[in-house]
Amino acid sequence: MGRDLRMDKSTFRIVGVLNEWKVNPRFYDLSNSYGSDEQVYLPFSVAIDLKMDHYGGMNCYGKSDNSDQTALNASCTWMQYWVELESPAKTSDYRAYLDNYSDQQRAAGRFERPNNTRLRNVMEWLEYKKVVPSDVRLQLWLAMGFLLVCLLNTVGLLLAKFLRRSGEIGVRRALGASRGAIFAQCLVEAGTIGLAGGIAGLGLAWLGLWVVRQQPVDYAKLAHLDPTMLLLTFVLALVASLLAGLLPSWRAIQVTPALQLKAS
């Protein structure tokens, strides 16, 4: 704070320091969606007054008497303007402001095409610019489908496992074990299998994410497991295994002790 910084042949005074702010993708600068964060911020008016160089695209249209493409009255677009609108009413007012501005510029001869103003929020903007590739969503649906197939297979395996122990369950029921106790034991076994599968799946997930990080795409370096995802992995494995074990456990407690003892 208060120190001077020499930049682009000018000296600036540091008046504030921001906390770390990481957002991916960088919605406000999609020319470098997953790049490093900006190091310095300064007022827009200062950059215009000093005629500082800019980095990014420059789209010009129509005719202009001003040779300076970055001038405020030049027929060129090279800046993005983001606003924070706290309520739907403010959003409607700002949309009306954009429409009126477009009409005024068209009446002045600066805009030539019909009114085509758009107002998008961050998620709509990312969708419009196709920042998240479609194959990422496809991978998500494939993963969900694979999870469903695994759950169905787990149901079948647990059902076969518990029904194969019908004789044992019949003996325990004859000795006084309640259906609730047997049902709870079956669910505990299913949950244990789920936790073991979660640990094994976590290792495979780390391996898969490592493979993703080797891909030559700019978002590949973001593929990692954070603590939230790590916890979610075990929660999902446990919940999925318990859900898969409900039907086999219920079928197991329907065993009739007398019939099983007679068959034995």
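From the backbone N, Cα and C atoms, a Cβ is placed for every residue, glycine too.
As annotated by TrEMBL, domain 'ABC3 transporter permease C-terminal' applies to 144-256. Per-class residue totals from DSSP over the domain 'ABC3 transporter permease C-terminal' (144-256), listed helix then strand then coil: 94 helix, 0 strand, 19 coil.
Annotation source TrEMBL lists transmembrane segment at 140-160 (among others).
Residues or ranges marked as transmembrane segment in TrEMBL: 181-209 (among others).
The transmembrane segment annotation in TrEMBL covers 229-247 (among others).
Outside the transmembrane segment (140-160) by six or more residues, the chain places 186, 190, 193, 240-241, 243-245, 247-249, 251 with a CB less than 8 A from a CB of the stretch.
Sequence-distant contacts of the transmembrane segment (181-209) (same chain, at least 6 residues past either end, Cβ-Cβ under 8 Å): 154, 158, 162, 169, 172-173, 223-225, 230, 233-234, 236-242, 244-246, 248-250, 252-253. Taking the domain 'ABC3 transporter permease C-terminal' (144-256) as a whole, pLDDT averages 82 in the prediction.
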